[in-house]
Amino acid sequence: MNYKILTKLLFFPFLVYVFNSVVQSLAVDFYYLYSVDTLSHFLGGLSIAYSAYVGLSLLEKNGWITIKKNILRAVIIVGAVMTFAVLWEFYEFIYDMLFWGAPMQPSVADTIKDLDMGLIGALVFVYLKIGKRAG
């Protein structure tokens with residue numbers, strides 16, 4: 001895999017992670033006051049959906065898989081996003097348990113909201129990239 005493809009796969013998720021980390025570390029009050037956490041999870045869902053779409057396109061281009069139905073492509077993309085969202089919530093939980101600082105995961109409601117925002121980001125991407133073509 002060359003660097004151009006790797007960059008295309010990972011740049012957007014990395015950019016969202018850096019944005020989230022910088023805002024959270026430099027402006028804690030701003031982060032919670034304006035609910036940047038919600039925006040970060042939405043953008044994270046969007047960025048992982050983009051990466052999953054690019055990954056599927058590469059697999060198809062190289063002849064490894066063939067996806068004939070857009071609904072299957074959408075399910076795979078949303079499934080990938082939700083898998084990463086759950087893994088991210090595990091990361092937040094483990095971080096809170098190990099470092100006992102300001103909690104990244106203050107409540108179950110926050111966790112569900114984070115997962116919902118990742119799902120909404122994925123659904124927006126799927127609609128814009130796949131849904132408009134089909135309809």
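In case you wondered, yes, glycine gets a Cβ from its N, Cα and C as well.
Per TrEMBL, the features are:
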TRANSMEM  9-33  transmembrane segment
TRANSMEM  39-59  transmembrane segment
TRANSMEM  71-91  transmembrane segment
TRANSMEM  111-130  transmembrane segment
May I ask for the residues of the chain that lie six or more residues beyond the transmembrane segment (39-59) and have a Cβ under 8 Å from a Cβ within it? 5, 8-10, 12-13, 15-17, 19-20, 23, 65, 67, 73, 76-78, 80-81, 84-85, 88, 113-115, 117-122, 124-126, 129
Beyond a gap of at least 6 residues from its ends, the CB atoms lying under 8 Å from the transmembrane segment (71-91) belong to 41, 44-45, 48-49, 51-53, 55-56, 105, 111, 114-115, 118-119, 121-123, 125-126, 130-131
